[in-house]
Amino acid sequence: MAAVLMLRGSARLLYKHRKVRAVSIAMVCSRAMASKTPVGFIGLGNMGNPMAKNLVKHGYPVVAYDVFPEACKEFQDSGAQVMDSPADVAERADRIITMLPSSPNAVEVYTGANGILKKVKKGSLLIDSSTIDPAVSKEIAKAVEKMGAVFMDAPVSGGVGAARAGNLTFMVGGVEQEFDAAKELLTCMGSNVIYCGEVGTGQAAKICNNMLLAISMIGTAEAMNLGIRLGLDPKLLAKILNMSSGRCWSSDTYNPVPGVMEGVPSANNYQGGFGTTLMAKDLGLAQITATNTKTPVPLGSLAHQIYRMMCAKGYALKDFSAVFQFLREEENL
């Protein structure tokens, strides 16, 4: 009798093991099938290019579009589908990520004559990683909702280096129930994916971050410039700052002084990275939202003025850390 009971118990354990294994295999197969579903990516600039590449590395076929065809050539050569318009991307993919320079660009890509909404499928997930006005994100979300699709704003922080390494931080706004679906894709491109609240809150977080970044970069550039003029070696000064209370991302990870760090724009004549024009744009968004909410941002306002001056004096296409060079050259600031 005991032997019979043992056999029955063993049979139950074997059945349970096989059932768990079958479920595990089914989950793996499900993920594998999901990874084969094409993902649209619109905007293959300095940030969008490495982000889309990381999706490919994780097994997602990319359906790409950029207003500049040459930006798509690399993807086309590797076998990716390249479309002629955002609408064509929406026809081929029900999950789309956009990475665009400004609010007008985002409005055009989503609602323009050949925009995503012309051919979007019901139930599609549309994730905008551009940095734009939160109010514009909300308007786009309304238009997307009318088409039966889902819109989430998910701007990023970390710069081109983090985009290449897949270590971006995503600040996500939208319907909370859709966050996990968005996170599945965003974790392929970032190490931090944070839910912020309703649509627009991701943009709000990003705007606050970039205002602080601009202020800290200007402060780092001023401190480094002053120290150099007082006779300090820039590498030594950077070392001291980075082990002291003045330490910040602009000093220890993205130092604006040529020769202090390798692999940053200041080591390459301020080429690549995050453009001065884009920083001026983001600071402009901060000013608009500050005005609308009656929030005093005196340092943010000064930073905006400085970056606008830089754009007017030939620094528009240089990385925003070129503020160090700007300060060195401006005797009448």
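Placed from the backbone N, Cα and C atoms, the Cβ positions cover glycine too.
Straight from TrEMBL, the features:
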- 37-65, 100-101, ASN105, THR131, LYS281: NAD(+) binding site (BINDING)
- 39-197: domain '6-phosphogluconate dehydrogenase NADP-binding' (DOMAIN)
- 200-326: domain '3-hydroxyisobutyrate dehydrogenase-like NAD-binding' (DOMAIN)
- LYS206: active site (ACT_SITE)
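Projection of TrEMBL feature records onto the structure.
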residue : record              : Cβ within 10 Å
THR37   : NAD(+) binding site : 11
ILE42   : NAD(+) binding site : 30
MET47   : NAD(+) binding site : 26
ALA52   : NAD(+) binding site : 29
LYS57   : NAD(+) binding site : 11
VAL62   : NAD(+) binding site : 23
PRO101  : NAD(+) binding site : 19
LYS206  : active site         : 28
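Counting in whole angstrom, ILE42 (NAD(+) binding site) lies 20 from the residue listed as 'active site' by their C-alpha atoms.
Note: the domain '3-hydroxyisobutyrate dehydrogenase-like NAD-binding' (200-326) comprises 87 helix, 2 strand, 38 coil (DSSP; helix = H, G, I, strand = E, B). Across the domain '6-phosphogluconate dehydrogenase NADP-binding' (39-197), the model assigns an average pLDDT of 95. Here the residue listed as 'active site' is positioned 14 angstrom away from PRO101 (NAD(+) binding site), judged by their C-alpha atoms.
A straight line from the CA of VAL62 (NAD(+) binding site) to the CA of LYS206 (active site) spans 26 Å. Each residue contributes its Cα atom, and for ALA52 (NAD(+) binding site) and LYS206 (active site) those atoms are 21 Å apart.
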